[in-house]
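Participant: Got these off Swiss-Prot a minute ago, pasting:
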BINDING   46, 53, 54, 55, 99, 102, 107  ATP binding site
BINDING   199, 213  Mg(2+) binding site
BINDING   264, 321, 322, 323  substrate binding site
DOMAIN    9-244  domain 'ATP-grasp'
C-alpha cells in the first residue's frame, strides 16, 4: 500500500524527523487558504499522486504570491500528471499539498528497504539527491552508498554517522543526518513499511537537515496491525480492477499484454507469465485465485480480466494441491456462461481430481482448448491471439 507525500510527512513528524510546515488542499480555494495560514513569503504547490517524478512532470511549482498559489493550484489540480512512473496516460491530480518554501543548499537522498538477499534492512544514501536520482544510479553508481543493518542491534549511531559522512556531510549536519537516519529506521520497523524514501533530504544554509519529500510503501500483509495507516488509503490512486479483485480476495495486477492469466499460487502465476513470454506472447495480467477458489471467485476473476478490452485470449493454469481441479472446472464453466465468453480459452489442470475436472470441461459443450503441459498451454494460447 502507498500513501501520499503529506501523509508520509505526518508519519515522519510522529517519529521526530524534521519536515517543512504544510497543509493539504482539495480545492483551489483551500490551497489559497492554506498558503495564507502558512504565511509565506514563498510556498511550494505540490501535486499529490502515488508516483515519483512529479517535479519533472510539472506537478511541483514555486509560488511567490497568493495570486501565484491560486494560478498554480488551478493549473495542477485536475491535471493528468504524466511521469516516468505513471505511464503515458498519467494520473489525475485530486489533491494538493501547500508547503513552506525551503532554503535549499544541498540535496541528498536516503531510503530504507528490505534486502532479501542479505535478509537485512538496507539504508541507501547518496550525495546526489533530487529529481535525477535514477540517472545517478544508472550513470554513476559509485555515488550510491548502501549499508546493511543488523536486525539484532538496529541502526546504531556510529553506523548512521558513517552513512552521513560517506555522502559528504560533516560536523553538526552529519550528526543531524545520523539522528534522522536512526529515526527513519525506527519508523520503517514500527510501521511495517517496505520502503521509506526521502528525496531530497535538504541541508540548508545553516547546516540544518530537513526532509523535503516522503515516499512510503507498506507491507499489505501487516496492515491489520496498523488501522491508522489503512485510514490513509486513497482509492482514487488505485486501479479500479485491483480494488474490485481485493473484494474477492484475488491478487490481481493489470499488465500491458493481451493474454489473460488465471492461476492458483503466486509462484505458478509468475512462471506462467514467463512461459507465455518465452513462446512469444504478452500476459495481460497477474491473477492468483489462491488455494480456496470457489465457482463464484473464478467467475469474478473472469469478469475482472475481461474488463480489460485488450484481452484477446485467456490461459487458466491450475495445480490441484489444496485446490481441486473439479472445483476449478466448475468455476470455469460457470464463468464462461456468466460472462458469455467470446475469446479463446486454454485450460491446463494438474493434480487433485484432474481427470474429473478435464471430463467436466470436455462435457460442457464449451469451446475450451485443453493442454497437458505449460509449454503446450503457452503455445496454444499464443497461437490463439495471432
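Using N, Cα and C of the backbone, Cβ positions are placed for all residues, glycine too.
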Participant: Quick one: Cα separation, residue 321 (substrate binding site) versus residue 53 (ATP binding site), in Å?
Facilitator: 44
Participant: Identify, in sequence order, the residues in the chain of residue 107 (ATP binding site) that are 6 or more apart from it along the sequence and have a CB within less than 8 Å of its CB; answer 'none' if there are none.
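Facilitator: Correct list: 128, 129, 130, 200, 201, 202, 203, 212.
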Participant: Other residues with Cβ within 8 Å of the Cβ centroid of 264, 321, 322, 323 at the substrate site?
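Facilitator: Neighbours found: 265, 291, 293, 318, 319, 320, 324, 351, 352.
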Participant: Work through the binding-site residues one by one (199, 213, 323) and name whichever has its CA nearest to the CA of residue 99 (ATP binding site).
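Facilitator: The answer is 213.
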Participant: Between residue 53 (ATP binding site) and residue 213 (Mg(2+) binding site), how many Å separate their Cα atoms?
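Facilitator: Spelling it out, the Cα of residue 53 (ATP binding site) and the Cα of residue 213 (Mg(2+) binding site) are 12 Å apart.
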Participant: Rank the binding-site residues 199, 264 by the number of other Cβ atoms within 10 Å of each Cβ and report the first-ranked residue.
Facilitator: 264
Participant: If you count Cβ atoms within 10 Å of the Cβ of residue 102 (ATP binding site), leaving out that atom itself, what do you get?
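Facilitator: Other Cβ atoms found within 10 Å: 15.
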Participant: How many neighbouring Cβ atoms, not counting its own, are there within 10 Å of the Cβ of residue 54 (ATP binding site)?
Facilitator: 23
